[in-house]
Structure formats: C-alpha cells, structure tokens
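Novice: Right, I'll just put the structure down here and ask away after.
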Amino acid sequence: MSPDPPSRPRTRRPPACPRNTGAWPRLSAATAATRLRANNVRRKEPETGSNNFRRALADYGSREAARGGSGRTSRVAPPSTLREEGSCPCGCWVRLQGGGGGLPGSRRRPRWGSRKMLPSISVTSPVQGNGALNSRDAARHTAGAKRYKYLRRLFRFRQMDFEFAAWQMLYLFTSPQRVYRNFHYRKQTKDQWARDDPAFLVLLSVWLCVSTVGFAFVLDMGFLKMLKLLLWVVFIDCVGVGLLISTLMWFISNKYLVKRQSRDYDVEWGYAFDVHLNAFYPLLVILHFIQLLFINHVILTDTFIGYLVGNTFWLIAVGYYIYVTFLGYSALPFLKNTVILLYPFAPLILLYGLSLALGWNFTHALCSFYKYRVK
C-alpha cells in the first residue's frame, strides 16, 4: 500500500476584514482610548505606543467634532493616521480589542491573532508644532484660493445649495441672528467666515432681475429701456456699489475695530461682501417689491400721504440695512466697538422728519432717476 500523502499544515486564517463584513466599530475617541488604556494595564505592556495612539485618537475626534459630527467614527475607513499597520491585508482599520500592528521600532511583523501587540501609529497632523498650518494647508486658506474656489462654482448650479440659500433669505427677515450663527459654524468646520457657495448671490440676482422687470412695467417702459435698466441695476447698483461698500467696511473694520490682542485676526473681504448682500436683500424686497403695490395709487399722488408712505418705506429699508450690517460685524468675536455701526440711525431719523416737513418724496426721485438712466 502506498503511504498517505502528507497533510497540509493547518494555518490560522486571518480575521475577516471589517470592510467586507460591515463591522466597522462605532466608538468615540474617548471610549476607544479608555478601552486601549485598560487593555494595556491588564497586559502590563509599555505605554509608548498607547500614548501615541491616544493622542492620534484625540486629534481625530477633535477633527470629527469640528466638522459637525458627534465624535463617533463612521462606517468608512478612518484616515491613514489612525490605521494600524499589519492589522489587515487591505490596510483597513480593525477593532481596537483585536489589536494588530507591532511595537514601535520593531522590525518583526507580528503574527495574526497575537495578543502581545501594540498599534504603531504615524500621526501626520496639518498643524505644526508652533500652531501654524503647513505650507500645503496654508495655501488652501489664502484669499486667492478662496476666491478661485468661489468663482469656479459660480456657474456650476448642480453644486449649489439653493434650499439653504432660500432658508437664509427667509430668516434675514424673521431672525437674522440665526443666519450669522451659521457663519460661526462655517468658521469652525471650513476655517473661513465668508460663504463658499455662490447660491445666495445667484438667487439674489434672480430676485433683482424680477423686481427690476416689475419696476419697469410700473413705470411703463419699453423692452429696450427695461433691458437697459436691468443692466444698470444689476451691475452698477448691486455689484458696483456693493464692491465699494464692502471694500470700505473691510478697511474700516480691519483698521479701527480689531481688538489689540487679536491683531493676528482680520476681517475677510469676502465676509464683508456677504454682509452687504445680507443687508441688501431686505432693502431690495421692501423698495422693489412691496413698494410697487403703492407707487401709482398712493406714493406718486403728490400728497402728504404719498410722502409719508414712500419715505416710511425708505426709512424701514435703510434702517434694516444698517441693522443687518451691525449684526454681521458684531458676530465677529475679535472686533470691538461695533455699536458705532448703529450711529447712522440718528441722521436717518433726522432726514426722515426733515423730508416730511419739506415735502420731499424719495420714491418720486428714484423713479425720475431710473427714467433718466434709460434715455
């Protein structure tokens, strides 16, 4: 009889990859660090690797919290900074209880299933030791990079969040403080105060075009005159004047309103432009939408009631512009004495009373100016 063929040695199969089984651990950074510390104490192993691992977990948890998460890891693979070397053939992240990897500085690769193992962590944080960003991340936060990203998305409508922009337009009337609270969240998650989504500007342009068409219809203008008025209002009144006001407020706030102990911070020009757009939208709705219902039958009747109604609309619109602008700059924690932005209320109320006493009609002057533009 021929001898039996030698049997193959039975090898221990590696544990199933959690990427394929869907068993990613949903542990917070604090829970994971606590369990790892308990395992190290029970096994009486050195603390060098665990200290590095806890530091990496704490850094990852803080970054997840800054992104708006709850501090729990998702079911996708975490960053490479938290990957345990040699824990899985595909290089994914396995359970902390299962271990994996080897001792720091060890050249021998540990066997699967070995319990006397510590994870080897290579922490690569974007923040250097002195607290400054490295060159690659600093280049992403420059004004030119932010401007390029904003302009690149200007014509990519599928990437714009119009629903959120419409929510902001609604709350600019009911609760503008909530809009600027969202700017705080953007600073914490994306490290910039200004909007990175041009959806608000696009919707504002649409509202401006529709209101201008309605204004031209009320003033009985032809198609060519309406088109000319539309170009004037969009590119001169909104964009041109907005750039001028934003630049002026950006210079004044950085020159005189920044706290002395916060000289390392500055007001972004994009944020100043966003504040202008936030304040301009209520003014546009009041003067170019609501006022249209009263122009022909009330405001332009050359009576005291016409002066009163028309100038009251202007008082509310300009006052709301001043108030929303004040809220925008007072939301920045490194600015001081922002209450001086409310001082224009005094001359505004004085001008309102003077216009009623002298019979000035601001809406009539606006209509005459629009007709003069399109001649």
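Cβ coordinates are placed from backbone N, Cα and C, and glycine is handled just like the others.
Unlike curated entries, TrEMBL annotations are predicted automatically.
Relevant sequence annotations retrieved from TrEMBL are reproduced here:
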REGION    1-29  region 'Disordered'
REGION    61-86  region 'Disordered'
TRANSMEM  199-218  transmembrane segment
TRANSMEM  230-252  transmembrane segment
TRANSMEM  279-300  transmembrane segment
TRANSMEM  312-335  transmembrane segment
TRANSMEM  341-363  transmembrane segment
Novice: For the transmembrane segment (341-363) against the transmembrane segment (199-218), do we get 3 or more Cβ-Cβ pairs below 8 Å once near-sequence pairs (under 6 apart) are dropped?
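Specialist: Since fewer than 3 Cβ pairs under 8 Å link them, the transmembrane segment (341-363) and the transmembrane segment (199-218) do not come into contact.
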Novice: Could you give the residue numbers and ranges of same-chain residues that sit at least 6 residues beyond the transmembrane segment (199-218) on either side and whose C-beta is under 8 angstroms from one of its C-beta atoms?
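Specialist: Here the qualifying positions are 154, 157, 160-162, 164-166, 168-169, 225-226, 229-230, 233-234, 238, 274, 277, 280-281, 284-285, 288-289, 292, 295-296, 370.
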